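The following features are taken from Swiss-Prot:
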ACT_SITE  Asp69  active site
CARBOHYD  Asn164  N-linked glycosylation site
CARBOHYD  Asn189  N-linked glycosylation site
CARBOHYD  Asn348  N-linked glycosylation site
SIGNAL    1-25  signal peptide
Amino acid sequence: MGVLGSRVAWAWLVQLLLLQQLAGASHVVYDDLELQAAAATADGVPPSIVDSELRTGYHFQPPKNWINDPNAPMYYKGWYHLFYQYNPKGAVWGNIVWAHSVSRDLINWVALKPAIEPSIRADKYGCWSGSATMMADGTPVIMYTGVNRPDVNYQVQNVALPRNGSDPLLREWVKPGHNPVIVPEGGINATQFRDPTTAWRGADGHWRLLVGSLAGQSRGVAYVYRSRDFRRWTRAAQPLHSAPTGMWECPDFYPVTADGRREGVDTSSAVVDAAASARVKYVLKNSLDLRRYDYYTVGTYDRKAERYVPDDPAGDEHHIRYDYGNFYASKTFYDPAKRRRILWGWANESDTAADDVAKGWAGIQAIPRKVWLDPSGKQLLQWPIEEVERLRGKWPVILKDRVVKPGEHVEVTGLQTAQADVEVSFEVGSLEAAERLDPAMAYDAQRLCSARGADARGGVGPFGLWVLASAGLEEKTAVFFRVFRPAARGGGAGKPVVLMCTDPTKSSRNPNMYQPTFAGFVDTDITNGKISLRSLIDRSVVESFGAGGKACILSRVYPSLAIGKNARLYVFNNGKAEIKVSQLTAWEMKKPVMMNGA
């Protein structure tokens, strides 16, 4: 880092410590409401079967209570801001406010007082998700959904402004008297009308944003609204896009470079600058309320018609996902400090609500990810932000050129693995043993993984990692690949099909845990036999990135044996083909100095 870098780091660390003292009371626990929530959840709630040591070490999390959607992430005057849906009174959903945390590095966080709470007629019964937009003068504006009726979730869109734009911490927000600024008129379903996006400014001087909705019984819709002043908004004649997927929550719409660069693009600049517009594609992401996952398409934005057209006509059917695991309500933002786009996503617990109440916390945010367009132009790539590497221990454990024979597993020793970062490069000896893919499962990775889990012997694979494993392997979470020959279609030969799967079905001996397999197909060419995997392990989180970020899976697991020093890490191969570990590098991960006062 150097002397100057060290001094700068210490300077902002001192700032954060002072802020933490000022913000010490920002997360207040109301024990009486937690008791009420517990009583409503179960009769006589016992102590949680989730061990306290399974609380995450380096993922974003407040000290107590419930969190869900990340809201309005931004970079402002040297500080990263994250707002998020938060219940200050308990570990179940309810009493939602916009909690607010700030950071210099996206790793160490200090919680400030809530930024937005129910306080006006337009949000008296709920302050739900929304986004931030940087105005022309660099000042942020927040648009968010309010609920304004007690009898029904009648949803309107409101605006909030910083009281003092010169405050880099944006500690106070005000709601103008003209709220709500957007209401569900013209036949819009008022109970399914929420989560405004970051706005973008067109060459005509109008700001535009999207609001997610449901048309009829099953059509997800992204309505376009226009405004010159962020006060008076007009709905466009046609939606930006729609598809028969069910309700679209938390829409996100942003440009990505299409010329091979990994740089992010500011949401507005790509529209105003015609030259830049020619070098970008657009991403439309929606969170599916019924299925509880996020999917996206890559396509073209027609600014004159105000329509978005996916490059793949079947994109809304095939559902490319940010993450094939426990990851929802995501939101991106452009980081001008490092010219990158960063993705946040919420990961809920997989235990019971009664356990959440008993242990006193529920929900985390995934590690922030840098996202950019794959050179193929067909999908995004995702990778943990570089800052997370600062938490790595000084001395990694390295395993090189180790052949793992069929049916063999190899323990990785020399470090504690309950909180670790593992990168591994595999080489498959031969693809000849690959099984033929069942045509019935050609588009259903989840079903395929459930049927052919980590312990089901195969041809090429399953091979990968057993993480958070107990010494006797009674508990283990498997993250693995399996390679298939393509399903026969007219006798033609295609490239091998790669399945990535996380199998937590043996992750815990505790009962009543939600332990589904998660899986996705990896759009990669493995004909050279090479593929990589990275897993961030954090006590009760396994967050994995396959083939350089082409497929991602986050899973929540709650071992009863593989906890702390008792957690083990293995490389395994349950296929017929030999697998070589070209290189495995594993680091113990430290805790951040500050995590919202926890």
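A Cβ is built for glycine as well, from the same backbone N, Cα and C atoms used for every other residue.
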Three-class DSSP secondary structure - Asn348 (N-linked glycosylation site): coil
Nearest of the recorded positions (Asp69, Asn164, Asn189) to Asn348 (N-linked glycosylation site), judged by Cα-Cα distance: Asp69
Asn348 (N-linked glycosylation site), number of other Cβ atoms within 10 Å: 20
Asp69 (active site) and Asn164 (N-linked glycosylation site), distance between Cα atoms, whole Å: 26
Entry from the recorded positions list Asp69, Asn164, Asn189 having the most other CB atoms no farther than 10 A: Asp69
Asn189 (N-linked glycosylation site) and Asp69 (active site), distance between Cα atoms, whole Å: 22
